[in-house]
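Here is what Swiss-Prot records for this protein:
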type	residues	note
ACT_SITE	T78	active site, phosphothreonine intermediate
BINDING	D37, T78, D352, H353	divalent metal cation 1 binding site
BINDING	N99, K160, D161, R162	substrate binding site
SIGNAL	1-21	signal peptide
Amino acid sequence: MNFKSTVITAMCCFFSFAVLASEKLEKPKLVVGLVVDQMRWDYLYRYYDRYSENGFKRLLNEGFSSENTLIDYVPTYTAIGHSTIYTGSVPAINGIAGNDFIIQATGQNMYCTQDDSVQAVGGEGKVGQQSPKNLLVSTITDQLKLATNFQSKVIGIAIKDRGGILPAGHFANAAYWLDGKTGDWITSTYYMKDLPKWVKGFNKEKVVDQYYKQGWKTLYPIDTYVLSTADDNLYEETFKGEKTPTFPRDLVKLKKENGYELIKSTPQGNTLTLDFAKRAIENEQLGNNPLQVTDFLAVSLSSTDYIGHQFAINSIEIEDTYLRLDRDIADFLAYLDQNIGKGNYTLFLSADHGAAHNPKFFADQKGNSGYFDTKAIRKDLNEKLASKFGVADLVKSLANYQVHLNYEVIEANDVEEDEVIAAAIKLLKKVDGVAFVVDMNEAAESSVPQILRERIINGYNFKRSGAIQLILEPQWFSGSKDGKGTTHGSWNSYDAHIPAVFLGWGVKPGKTTRQTHMTDIAPTIAQILKIEFPNGNIGTPIQEAIEQ
């Protein structure tokens, strides 16, 4: 090689390195998390033929769907689900052991986002005394803030406080939730001292009253809702002021007895949430960050859960809600396309849990089901334990399908904890609807199927969970005889099989039917963003969903 060619080669290498050094790592402008509260996986397909092309169908056709995503723990509740999605962790690690839980060391009842050290901003009282303080690990939103030296903006929005606070994490710029007394969006002093002007402006518009004027009638002729039970039935709860749980509904009239709480249990609650999310994008410049870093908007749609609890999963109300939600999602995606740019954002849709059929409905179809009357069973359990040990009130609570012992009483009366647990287990095994009763001190050796054992251990936080875990038979849940509506909390597929759909920047379209987990969502987003996993993560990125 002569001198001239050597110089040319050296110069080429120099400029190649210079180009490489100047290359910028491409990332999406915005990540949007959509959690649809109480959305069973099968809702993606149950009403598929009635969905528009640009809502759920667009997510499925243009995005990646993990069709067999399961929840890794029991019990399956809202606060735990939101925490798990955003942390890739489970209650044993992240500390969120229920919507409410008991601090075992003190016996104190604790709401998942309760923080008495902060005050409401935009509202009054305990409704605003909320923060992520009780969450023990970082979220994917926290990790984004850390990765960008806190230059990214992170905002959480949900009608439910826990649905906005827990996903937004510890380092969020803001989390907003709805004050049911006023219909206003509020926050707490954990985030700020005063509401931004744009939030105050939105609240002044009294958007909820505008939605009430629309009423609630079915989107299509009611006789086309053939996938649902007849409108007037015994399985649904009425609103205050209603004689029957039937369409159409005059929301202005119902407001007189239900106030602004009413919006939570109507499809317009989802519309309200997404309208507020759009306003946040515009005013906070989410996805158009002047520092050119990725922002994160965590949205939870709470109304699907309120409606499901009140009317159950086979109702016309649920079918109509999802048909309307499909339109809302289509509108929101179109908004993102226009304002952030199609292909410039990454979005995922999932759920915090599913829901069971109403037990009476299921029994009327000749299925096995029933109600576990927690209040009556606790009373009976305490009476029988008192007869054996000579001490009253040994059981404090049966919350979260767990037996919480009254340790103050046990210690004061010098009763052996192990003996109380053994006696309680023996009694509970005789109760109708109980499949398994597990001593949490011996969970790893318990004689239950492995999949159940793993979920029980994952859901157990020894500082915040009960001493005994109850597993009920399928289609049994906590409630009184002939209870209306539905609930959730079990390990069964109707509660624990959830959607996990990814769309947009960094996502490879397609689907998989292999088993994945709720804990896989956060690390998947982390890998797309090329940032570190949350610090309590146990999940694995869904590689098939990621554009390499």
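Here, residue 1 is simply the first one shown, and the rest follow in order.
Each Cβ is built from the backbone N, Cα and C atoms, and glycine gets one as well.
Recorded features from Swiss-Prot, shown on the structure.
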{"residue": "D37", "record": "divalent metal cation 1 binding site", "DSSP class": "coil"}
{"residue": "T78", "record": "active site, phosphothreonine intermediate", "DSSP class": "helix"}
{"residue": "N99", "record": "substrate binding site", "DSSP class": "coil"}
{"residue": "K160", "record": "substrate binding site", "DSSP class": "coil"}
{"residue": "D352", "record": "divalent metal cation 1 binding site", "DSSP class": "coil"}
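Cα-Cα distances to H353 (divalent metal cation 1 binding site) place T78 within 10 Å, out of the recorded positions T78, K160, D161.
Most buried of the binding-site residues K160, R162, judged by other Cβ atoms within 10 Å, is R162.
A count of other CB atoms within 10 A of each Cβ picks out D352 as the most crowded of the binding-site residues D37, D161, D352. Cβ-based crowding with a 10 Å cutoff singles out T78 as the top-ranked of the recorded positions T78, N99.
Taking R162 (substrate binding site) as the reference point, the recorded positions whose C-alpha atoms are within 10 Å of its C-alpha, out of D37, T78, D352, are T78.
Calculated from their C-alpha atoms, the gap between D352 (divalent metal cation 1 binding site) and K160 (substrate binding site) amounts to 13 Å. Each residue in V35, Q38, T76, Y77, G81, H82, G163, D305, A351, H488 lies on the same chain as D37, T78, D352, H353 and has a C-beta within 8 Å of the C-beta centroid of that divalent metal cation 1 site, without being one of the site residues. Ranking the recorded positions T78, N99, K160, D161 by Cα distance from D37 (divalent metal cation 1 binding site) puts T78 first. Annotated substrate site N99, K160, D161, R162; additional same-chain residues within 8 Å of its Cβ mean position, judged by their own Cβ, are T78, A79, Y111, C112, T113, A158, G163, I165, L166, W177. In this structure the C-alpha atoms belonging to N99 (substrate binding site) and T78 (active site, phosphothreonine intermediate) are separated by 7 Å.
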